[in-house]
Amino acid sequence: MSQKQEEENPAEETGEEKQDTQEKEGILPERAEEAKLKAKYPSLGQKPGGSDFLMKRLQKGQKYFDSGDYNMAKAKMKNKQLPSAGPDKNLVTGDHIPTPQDLPQRKSSLVTSKLAGGQVE
């Protein structure tokens with residue numbers, strides 16, 4: 001059994017060595033391509049944040065996606081200002097439940113209704 005294990009181990013090592021050499025060969029062409037691209041386009045990949053124009057636009061502050069977002073933000077600002085001019089909080093309501101005796105008498109109407117005339121035709 002030990003002979004079989006020894007035979008399998010060298011085969012595995014050679015397979016691993018082949019993979020290592022393939023990876024190294026695969027990396028070298030990639031490095032060469034990267035070097036060519038960097039030589040052709042030197043300004044790419046230098047700034048992680050992007051172009052100066054993009055950075056300037058991002059630093060200006062909050063921007064809105066469309067007019068709907070702008071209008072919603074504008075409405076929120078108005079809603080924050082409205083409660084400051086709210087009603088007097090000392091006013092108490094609902095202490096007394098009115099009864100028919102407490103209500104003032106209705107004023108009679110100057111024009112009589114044909115329905116309330118009482119005449120039957």
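Every residue gets a Cβ built from N, Cα and C, even glycine.
For 16-37, the entry in Swiss-Prot reads compositional bias 'Basic and acidic residues'.
Taken from Swiss-Prot, the feature N-acetylserine covers Ser2, and the record attributes it to a large-scale study or a structure entry.
Taken from Swiss-Prot, the feature phosphoserine covers Ser2 (among others).
Taken from Swiss-Prot, the feature phosphothreonine applies to Thr21, supported by a large-scale study or a structure entry.
Ser43 (phosphoserine) counts 8 other C-beta atoms within 10 Å of its own C-beta, drawing on all protein chains shown. What Swiss-Prot lists as phosphoserine is Ser43 (among others).
In this chain, no residue six or more apart from Ser67 (phosphoserine) has a CB-CB distance below 8 Å. According to DSSP, Ser67 (phosphoserine) is assigned to a helical segment. The annotation phosphoserine is assigned in Swiss-Prot to Ser67 (among others).
Look at Ser109 (phosphoserine): DSSP puts it in coil. Taking all protein chains in view, 8 other C-beta atoms sit within 10 angstroms of the C-beta of Ser109 (phosphoserine). Taken from Swiss-Prot, the feature phosphoserine covers Ser109 (among others), and the record attributes it to experimental evidence.
What Swiss-Prot lists as region 'Disordered' is 1-53 (among others).
Annotation source Swiss-Prot lists region 'Disordered' at 79-121 (among others).
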Between Ser43 (phosphoserine) and Ser109 (phosphoserine), the C-alpha gap once rounded to whole angstrom: 89
